[in-house]
Amino acid sequence: MSEHDMQNTNPPLPPMPPEITQLLSGLDAAQWAWLSGYAWAKAGNGASAGLPALQTALPTAEPFSVTVLSASQTGNAKSVADKAADSLEAAGIQVSRAELKDYKAKNIAGERRLLLVTSTQGEGEPPEEAVVLHKLLNGKKAPKLDKLQFAVLGLGDSSYPNFCRAGKDFDKRFEELGAKRLLERVDADLDFAAAADGWTDNIAALLKEEAAKNRATPAPQTTPPAGLQTAPDGRYCKADPFPAALLANQKITARQSDKDVRHIEIDLSGSDLHYLPGDALGVWFDNDPALVREILDLLGIDQATEIQAGGKTLPVASALLSHFELTQNTPAFVKGYAPFADDDELDRIAADNAVLQGFVQSTPIADVLHRFPAKLTAEQFAGLLRPLAPRLYSISSSQAEVGDEVHLTVGAVRFEHEGRARAGGASGFLADRLEEDGTVRVFVERNDGFRLPEDSRKPIVMIGSGTGVAPFRAFVQQRAAENAEGKNWLFFGNPHFARDFLYQTEWQQFAKDGFLHRYDFAWSRDQEEKIYVQDKIREQAEGLWQWLQEGAHIYVCGDAAKMAKDVEAALLDVIIGAGHLDEEGAEEYLDMLREEKRYQRDVY
């Protein structure tokens, strides 16, 4: 090609008018980004304007986007992440929003900006949907994350020793793998709204500024999807619960049992509340009036003394009854109360975190007052307490079977401390204080991480102990109502066959009707050698492996600290023994089941 061939034969562009130059000098980064895109679009259609059509695209800047992930056990982390995503989009930032149950863990290596909102379960473990990512980040194949910027919001309960542990672990591990922190981690307690809003506002402001520096094109402002604007299951929700009526409260353990388990039936007529097997019911409750009187007497406070609670001025007795947490002690309460008590022993307890955690777990608030008397005003005492929070119970019914009812399987918490009888807040309310036709405020808490297979022909294996059998009653009711072809296998454990066989006649009827195809029961105290569900799982290794090869889905419900861990260890033994895999292969197989949503757990 000659020099002449390389010369531009297009006419020279005219000089830019000075007023245009002046206008352009005043544009900010976002306006420049918009204008460049606009000019590019016009250039692409520029033949009519006498401009040459460009044959090759100019390189464009990588779009400024943020991935917002949530790992939720009860739905709180999901709702906070949804709100954060909406806030970022309103600020003109492009957002990719996902729940970790729908997110491929290996994609983390390609992320550039990541926000994670996570709760904590059990003894500091990540929520079920975050397990695969947590294992990847802490395993041999952990990716380098040196191109990632991140921020973490942890949700937890400070009455437990490993407060917000999952959030802390993710935050630390991201940094260890080379990622750069956008914002310091925030750990939010049960009353998380203010902390979560502050974190969201700060991260939105920071990213908006970062987007401007990068001259990124802002995403168009959008309104939240309809599902985020209103409660998905009718207008009633956590903030506006439905005043339901108690239909039945039946003890379903024998008189001789050490356990007091109640079958609770609640009327949802007129609520338009809908739920699916696997969902939970949120229950708001009032504290025991006797406990309120005991506390006020110990403090020497008149019940009629008025304080602020719930945005109102109320007698302190009413406020403690309905607005403050009295049955779950916290480190914050003990640390705040200690200066009023002026007791060296309590000061030593409050100063040692390990001792403090043990003390909080074993000593109810009222018994702190008994042991370490103090005088403080009603306002001062209320200022040490957390707001009352609802309790969540796995729903033990299917609406396909019970219609406008919802059933719960509630273990009443009862114990003695220093000779004084104590009871759980919500379980005591449901079992002892709520009368038939009495009102209980409820809402549905979705649990999309604990769902029956979409294909009802798939077999399911249900593993539960104690009240962990609750969702499986709902599962089998649903399968029976649909006349589902899929086989159902139940593993259930409790101390005694004669005293603790929850829903015995119903399981027998399901088996007779062809909807419970296999069942294995473990009665831990009916013989000298204790037998648990994990032992039954190992006994049935070949059968379980065969069901897995047929596409079975496995569900586990129960105690996270002990039972769920022991069951997972047993499942790994099954995969190693019957599946002929080594330990690493078994772990990978179980992770594959998790990612395929064929291994789901509802643990607490």
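The backbone N, Cα and C atoms fix where each Cβ goes, glycine too.
The predicted model assigns the domain 'Flavodoxin-like' (66-204) a mean pLDDT of 94. The domain 'Flavodoxin-like' annotation in Swiss-Prot covers 66-204.
Listed in sequence order, Lys78, Ala81, Glu99, Val117, Thr118, Ser119, Pro127, Glu129, Gly449 are the same-chain residues six or more apart from Ser72 (FMN binding site) with CB atoms under 8 A from its CB. Under DSSP, Ser72 (FMN binding site) is assigned to coil, being neither helix nor strand in the three-state scheme. Swiss-Prot lists 72-77, 119-122, 155-164 with the feature FMN binding site.
Sequence annotations record features per position, and here Swiss-Prot assigns domain 'FAD-binding FR-type' to 239-453.
The Cβ of Tyr393 (FAD binding site) lies under 8 Å from the Cβ of Ala280, Leu281, Val283, Leu408, Thr409, Val410, Ala426, Ala470, each of these being in the same chain and 6 or more residues away along the sequence. Mapped onto three states, the DSSP output places Tyr393 (FAD binding site) in strand. Under the heading FAD binding site, Swiss-Prot lists Thr327, Gln361, Arg391, Leu392, Tyr393, Ser394, Thr409, Val410, Gly411, Gly424, Gly425, Ala426, Ser427, Tyr604.
Classification of Tyr532 (NADP(+) binding site) by DSSP places it in coil, neither helical nor stranded. Sequence-distant neighbours of Tyr532 (NADP(+) binding site) (same chain, 6+ residues apart, CB-CB distance under 8 A): Ser465, Gly493, Ala522, Ser524, Met563, Asp566. Under the heading NADP(+) binding site, Swiss-Prot lists Ser524, Arg525, Lys530, Ile531, Tyr532, Val533, Gln534, Asp566, citing sequence analysis as support.
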**Request:** Sort Ser427 (FAD binding site) into helix, strand or coil using the DSSP assignment.
**Result:** helix
**Complete:** In DSSP terms, the domain 'Flavodoxin-like' (66-204) comprises 58 helix, 32 strand, 49 coil
**Request:** With H, G and I counted as helix, E and B as strand and the rest as coil, say where DSSP puts Gly411 (FAD binding site).
**Result:** strand
**Prompt:** Cα of Lys530 (NADP(+) binding site) to Cα of Gly122 (FMN binding site): how many Å, rounded?
**Reply:** 24
**Message:** Rounded to a whole angstrom, what is the C-alpha distance between Phe163 (FMN binding site) and Ser427 (FAD binding site)?
**Reply:** 23
**Request:** Going by DSSP, give the three-state secondary structure for Asp566 (NADP(+) binding site).
**Result:** helix
**Item:** Residues near Tyr160 (FMN binding site) in space but at least six apart in sequence (CB under 8 A)
**Value:** Thr120
